[in-house]
Amino acid sequence: MHKATALLHHHSSSKEVSLEVIEQEKHFVAQFADGSHTQLPVDRLKEDPQNKQLGGSSRGLNVTDFDLLKTLGTGTFARVWLVRLKNPAEEDRDKFFALKVLRKVDVIKLKQVDHVNHERSVLADVAGYPFITTLITSFSDHDSLYMLLDYCPGGEVFTYLRKAKRFDETAARFYAAEIVVILEFLHEREGVAYRDLKPENLLLDADGHIKLVDFGFAKKIGNRETYTLCGTPEYLAPEVIQSKGHTTAVDWWALGILIYEFLTGYPPFWNQNPIEIYKQIVSKPVHFPDSPSISPEAKDIIRQFCTVNRSHRLGNMAGRAESVKAHPFFHGVNWDDVYYRKHRGPIIPPLRHKGDATCFDDYPDDKAHRDAYTHDLQRKWDNHFKDF
Amino acid sequence: MPPQTPSLSNIYTDAINSLTQEVLKEQPRDIIQYCANYFNKQLEIERTRSLYQSTISTAAMASSTFPGRMGTNANPFGSGLDSGSNIGITKVAEEDENDTITSPTTPSFGFKGNSTFGDFGGDGAGGPPSSWKAPSGDGFPAHYGMGRRTSVSAESLNPTASLNENWSPPFHQKTEDQLARLKRSISTNFLFSHLDDEQSNQVLGALVEKPIPAKGIKVITQGDQGDFFYVVEKGIFEVFKNNSGVLQPGADGLGMKVATIESGGSFGELALMYGAPRAATVVSTEASSTLWALDRITFRRILMDSTFQRRRLYESFLEEVPLLFTLDKYERSKVADALDTQKYPAGTTMIKEGDAGEAFYLLESGECEAYKAGKEEPVMYYKKGDYFGELALLNDAPRAASVISKTEVKVATLGKDGFQRLLGPVESIMRRTKYETGVEDIDPLTK
């Protein structure tokens, strides 16, 4: 066990790794299949010896060590697969993972090299935190980068929200509270801005708790501001649109949009034309529909999050996340219970077995045509991917 | 593994077979009309049924690498930029945008893309996804797309100063008239309206003239990746949209004419945010027209560099203020973030002796002097980097002197309520560590 983990921290481009090492790594990986269910308080997560082993670069693992079972999600340069170890030991037969595959050539073409490296390093830093997808290990081959993550079988909150049309305030509060805890952790412990909060990036685990996935835009910024425009149009904060430099405060803005969308079924600023969305975001106050009726507390917290001037934005003022927790919308919430997941979620995914992927939508196969990762590209860029 | 969707030919055969049965049963007189009605009705039923079962991502509709809102974009100026060429002879004037500069993106692990709603744990609804619009009348916005939303991202940029590089924005000389017109054109645009004078001047200077020598030149081409924003200086341009989302070959390939842009108008602003496919094609209608062009990287760099420099400047100013020594880095950066920049002409009384103190000032540029009643000569002189009025953050004591600007000045200012909003009650901040000099001893006008 110890031997295996020591090896996992050393990246080697050479594939001359003994079978024994690979077997050790497989064994190591298998123990994390079900994600983290730690009961450690948040300030002691890093002490957990198991957590320390997570997020390293693998020495010998290869995509061929896994069976790729089903696509769980796609992006322009990434695809996430439900996978299982190939030829699993009897006790590992039921252990499933999510394998995120990024094609180097697409990452380069789309200028996402920095973002991909931020993603890997932030995920490695937070591995073991119960509400965030766990990076178990990463590896690469000639064409692609791989991140092996725990499998969160419940599917996206997005899917449930669209199907239910909207959530009641109890359900919205449950998810919002878990997100407050996540943002408190990311901002105040890790100095990380997440930058892509939306229902599509929230998965449910078997008990209906949230796991935040897709750290493609997450970045460790500490107290500083950052400048690269990224996010999802409906969820972009005004300061991002206007290139004013942005901070972790963008996530609180997005949480306001998210709660609105939970309660109404659609985001507050919308138009078919993205430019019109952006104009609304920078200039219009949030408007609430007559129906469904939304409580004054919910309206207030949404308005306070969606405050254009971030020096007046809830979550970004004195007290930070603590002041969010104290807002009347969360009245009665026991925040320790939230962190320790004392209560099951309002939606329990109907799962029949561990590798059940029916909560995920179906995705079409890969495009046939792919650009090649040429020798020139490799010479120029492979050094940028050395952390994988 | 991918779902087993019925092949197109099966759907087709089934549909035709049921139609045939219906026709045989009903024996309609107007066959064509009957068939048309039949399919319309089938369509309605099918769409209603799939309402809660399926959704389509906008990604599926875009042919480009950037699955944006192509095809649903109502505003021809909304989407990105540019380039491409169809008309050989006019190619000179068409932009040679470099695709590698820009990066639209759809990130990563987002479970984005085309999707079908699974039941809550059921086996997933089969069938092809249909373009699902939320029912209007249920409070949903008209045409609201219920699909997964694609993330967007610009190329990552780092402030010049942090890279120890030397970059200054390009500068293209313009006449007074041209500048005034350009200013008018962009001043109300939400991407420019918040710029300060310095940023605004740099942006105006960076706009580069693009002569369009002939009629019929496609300045931007629908579906192409966009990197430039344009202002019309001279000439009239027409905007066309093809419903496919992309310019098509052939005579009708441009699609419908949806707008005309004249002198002073502008288009392509989305390209200043990130690279996205152009939502329309814009064509010149006159010989010798002129445009001003601005690319995204230049625009964003101007804004980023000036914001970055100002932030660092404020932070270094704040480090010098003894009253704020007890703040940690996070708190100081919060204060720097909240500072409000203001300009005053020479001779402005910014602080009046005897008034209750409300705000604290950092002098960013220019000079000020402090006067006390009954004294002719100024008692204090302030220059760039100096500060005054900071005791207002602590208490309501009346101002001990007046401060008057000697030249035009630029100040960064923060009020007491802002300070408390960001950092909590002042008393608790002061209690943390003993304020070295002793607050009571400080005359706000000495340092």
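Backbone N, Cα and C define each Cβ position, glycine as well.
A TrEMBL annotation is a machine prediction, not a hand-curated record.
TrEMBL annotations:
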| type | residues | note |
| --- | --- | --- |
| BINDING | B:Glu269, B:Arg278 | 3',5'-cyclic AMP 1 binding site |
| BINDING | B:Glu390, B:Arg399 | 3',5'-cyclic AMP 2 binding site |
| COMPBIAS | B:100-116 | compositional bias 'Polar residues' |
| DOMAIN | B:191-320 | domain 'Cyclic nucleotide-binding' |
| DOMAIN | B:323-432 | domain 'Cyclic nucleotide-binding' |
| REGION | B:93-146 | region 'Disordered' |
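Contacting chain A by the Cβ rule (under 8 Å between Cβ atoms), the binding-site residues B:Glu269, B:Arg278, B:Glu390, B:Arg399 reduce to B:Glu269. Per DSSP, the domain 'Cyclic nucleotide-binding' (B:191-320) is made up of 38 helix, 41 strand, 51 coil. Fewest Cβ neighbours within 10 Å among the binding-site residues B:Glu269, B:Glu390: this applies to B:Glu390. Separating the Cα atoms of B:Glu269 (3',5'-cyclic AMP 1 binding site) and B:Glu390 (3',5'-cyclic AMP 2 binding site) is a whole-number distance of 42 Å. Take the binding-site residues B:Arg278, B:Arg399: by the count of other Cβ atoms within 10 Å of each Cβ, the lowest one is B:Arg399.
The average pLDDT computed over the domain 'Cyclic nucleotide-binding' (B:191-320) stands at 94.
The DSSP breakdown of the domain 'Cyclic nucleotide-binding' (B:323-432) into helical (H, G, I), extended (E, B) and coil residues amounts to 31 helix, 37 strand, 42 coil. Rounded to a whole number, the distance between the Cα atoms of B:Arg278 (3',5'-cyclic AMP 1 binding site) and B:Glu390 (3',5'-cyclic AMP 2 binding site) is 51 Å.
Between the CA atoms of B:Arg399 (3',5'-cyclic AMP 2 binding site) and B:Arg278 (3',5'-cyclic AMP 1 binding site) there is a gap of 57 Å.
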